[in-house]
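Q: Sharing the record's features from TrEMBL:
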type	residues	note
DOMAIN	7-208	domain 'Phosphoribosyltransferase'
BINDING	Arg79, Arg104, Asp131, Pro132, Met133, Leu134, Ala135, Thr136, Gly137, Gly138, Ser139, Asp200	5-phospho-alpha-D-ribose 1-diphosphate binding site
BINDING	Ile194, Gly199, Asp200, Ala201	uracil binding site
Amino acid sequence: MGNVNIINHPLVKHKITLMRDEKTGTREFRILVEEVAMLMGYEAMRDLPTEDVEVKTPITTRKLPMLCGKKLAIVPILRAGLGMVSGLLALVPSAKVGHIGLYRDEVTHEPHEYYCKLPDRINERLVIVCDPMLATGGSAIQAVDFLKDKGCKNIKFMCIIAAPEGLDALRTAHPDIDIYVGNLDEKLNEDAYIVPGLGDAGDRIFGTK
Ligand SMILES: O=P(O)(O)OC[C@H]1O[C@H](OP(=O)(O)OP(=O)(O)O)[C@H](O)[C@@H]1O
Ligand SMILES: O=c1cc[nH]c(=O)[nH]1
Ligand SMILES: [Mg+2]
């Protein structure tokens, strides 16, 4: 059974509040997404495996822990998930990056896939799927379905803001994965946007609309 981890840290809460402000422009929004992803990544990577390697310090030689970083894949859901990648790569620069392109139909709110490219031997890696927004949960569920079809067994999902409806749906569809949430918001509105939310994360990161 996976865990739901709601990140309870004043730095994360503060930066999410700045992201929500409609006066926050594209440049600042993009920086905030990157920073929140990095702070959340610190928690999500808490159980990354390490191996002891021999290091010669100026004083002596010891076997000391280093990350087995090559086993990690970061998989953003396009477009908005792309904004989180640089923050996560700052923590583990050797991680591989895959991409799953999904857009939500404006009327049905169903996700549609338009792109997928994953690192080799994805089934052997810890995969961290990232997307700033978990609304109905449709996009996250489809991305995890797809990764499981490819044989992935060790999957985590990270989002900056979740709606209760989406979190419940993802937990029901994929109870085995660990989920990291920057803030659990109130609800979805009639257009399946998160309330209070921050609007359309992709548009705010890329300055479209
Ligand atoms: O939980 P859901 O109801 O599926 O909604 C969440 C999805 O909607 C947004 O993507 P969008 O479709 O706007 O695409 P974009 O990232 O290209 O803007 C968001 O980045 C998630 O991927
Ligand atoms: O509130 C929402 C819901 C879906 N996608 C977004 O970018 N924002
Ligand atoms: Mg969008």
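A Cβ is built for glycine as well, from the same backbone N, Cα and C atoms used for every other residue.
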Q: Anything from the binding-site residues Ala135, Ile194, Gly199 with its Cβ under 6 A from ligand 1? List those in sequence order.
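A: Ala135, by Cβ distance under 6 Å.
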Q: Far apart in sequence but close in space: which same-chain residues, 6 or more away, have a Cβ under 8 Å from Ser139 (5-phospho-alpha-D-ribose 1-diphosphate binding site)?
A: Ile77, Leu102, Arg104, Pro111, Asp131
Q: Which is it, of Gly137, Gly199: the one of these binding-site residues whose Cβ has the most other Cβ atoms within 10 Å?
A: Gly137
Q: Output: those binding-site residues from Ala135, Gly137, Ser139, Ile194, Asp200 whose CB lies less than 6 Å from an atom of ligand 3, in sequence order; none if no residue fits.
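A: Going through Ala135, Gly137, Ser139, Ile194, Asp200 in sequence order, those close to ligand 3 turn out to be Asp200.
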Q: Want to know which binding-site residues, from Gly199, Asp200, Ala201, are within 10 Å of Ala135 (5-phospho-alpha-D-ribose 1-diphosphate binding site) at Cα; which are they?
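A: Passing the 10 Å Cα cut: none.
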Q: Relative to the Cβ position of Asp131 (5-phospho-alpha-D-ribose 1-diphosphate binding site), how many further Cβ atoms are located within 10 Å?
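A: Other Cβ atoms within 10 Å of Asp131 (5-phospho-alpha-D-ribose 1-diphosphate binding site): 27.
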Q: How would DSSP class Ser139 (5-phospho-alpha-D-ribose 1-diphosphate binding site) in three states?
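A: SS state of Ser139 (5-phospho-alpha-D-ribose 1-diphosphate binding site) = helix.
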Q: Hey, how far is Asp200 (uracil binding site) from Arg79 (5-phospho-alpha-D-ribose 1-diphosphate binding site), Cα to Cα, in Å?
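A: Approximately 11 Å lies between the Cα of Asp200 (uracil binding site) and that of Arg79 (5-phospho-alpha-D-ribose 1-diphosphate binding site).
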Q: Give, as a single whole number between 0 and 100, the mean pLDDT over the domain 'Phosphoribosyltransferase' (7-208).
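A: 97, rounded to a whole number.
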